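Since the structure comes first, as structure tokens, the remarks are kept for the end.
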Amino acid sequence: MILNMLKGKIHRATVTQADLNYMGSITIDKTLIDAAGILENEKVQIVDNNNGARLETYVIPGKRDSGIICLNGAAARLVQPGDEIIIIAYAQIIESEAKTYKPKVVFVNDDNTIKEITNYEFNE
């Protein structure tokens, strides 16, 4: 059996820009996508903690260490600069591997610099 599992995520990033006139996608600081194991053009889910919106798009790498998180195209209507979002990538993993797989989780500061990188989430 193949399962859809969390591959990596960037947790509580702050949206820095929204560009309605761009073709689509999300531009993310290259340092952040590398840390989360997310690839250029990879499909991601965006969850907006401010308004509850959820959407899917693909990733465009932004300038390294710039802190850029920019929603492009129609997504700019759902997510605004200043909103706190979670960027989630999933992978299809066979069940035997899924039991031991550890996703990459990148926690960021308010300026989208990396605060912590873990390979799991622990919630007490």
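Cβ from N, Cα, C; glycine included.
Per Swiss-Prot, the feature active site, schiff-base intermediate with substrate maps to SER25; the stated evidence is sequence analysis. According to Swiss-Prot, the pyruvic acid (Ser) annotation covers SER25. Annotation source Swiss-Prot lists substrate binding site at THR57, GLY73, ALA74, ALA75, citing sequence analysis. According to Swiss-Prot, the feature active site, proton donor maps to TYR58, an assignment based on sequence analysis.
The residue listed as 'active site, schiff-base intermediate with substrate' is surrounded by 18 other CB atoms, counting those within 10 A of its CB over all protein chains shown.
The distance from the Cα of TYR58 (active site, proton donor) to the Cα of ALA75 (substrate binding site) comes to 11 Å. What surrounds the substrate site, by Cβ distance within 8 Å of the Cβ centroid and not counting THR57, GLY73, ALA74, ALA75, is the set GLY24, SER25, ILE26, LEU55, LEU71, ASN72, ALA76, LEU78 from the same chain. Between the alpha carbons (Cα) of ALA74 (substrate binding site) and SER25 (active site, schiff-base intermediate with substrate) lies a span of roughly 9 Å. Following the DSSP three-state reduction, the secondary structure of ALA75 (substrate binding site) is helix. A 10 Å cutoff on Cβ-Cβ distances gives ALA75 (substrate binding site) a total of 23 other Cβ atoms nearby, all chains included. Pairwise Cα distances among THR57, GLY73, ALA74, ALA75, the recorded substrate-binding residues, top out at 10 Å. A strand conformation is recorded for THR57 (substrate binding site) in the three-state DSSP classification. Counting only the Cα atoms, the space from THR57 (substrate binding site) to the residue listed as 'active site, schiff-base intermediate with substrate' is about 5 angstrom. The two recorded residues, GLY73 (substrate binding site) and SER25 (active site, schiff-base intermediate with substrate), show a Cα separation of 7 Å. Here the CA atom of ALA75 (substrate binding site) lies 8 Å from the CA atom of SER25 (active site, schiff-base intermediate with substrate). The 10 Å shell around the Cβ of GLY73 (substrate binding site) contains 16 further Cβ atoms across the protein chains shown.
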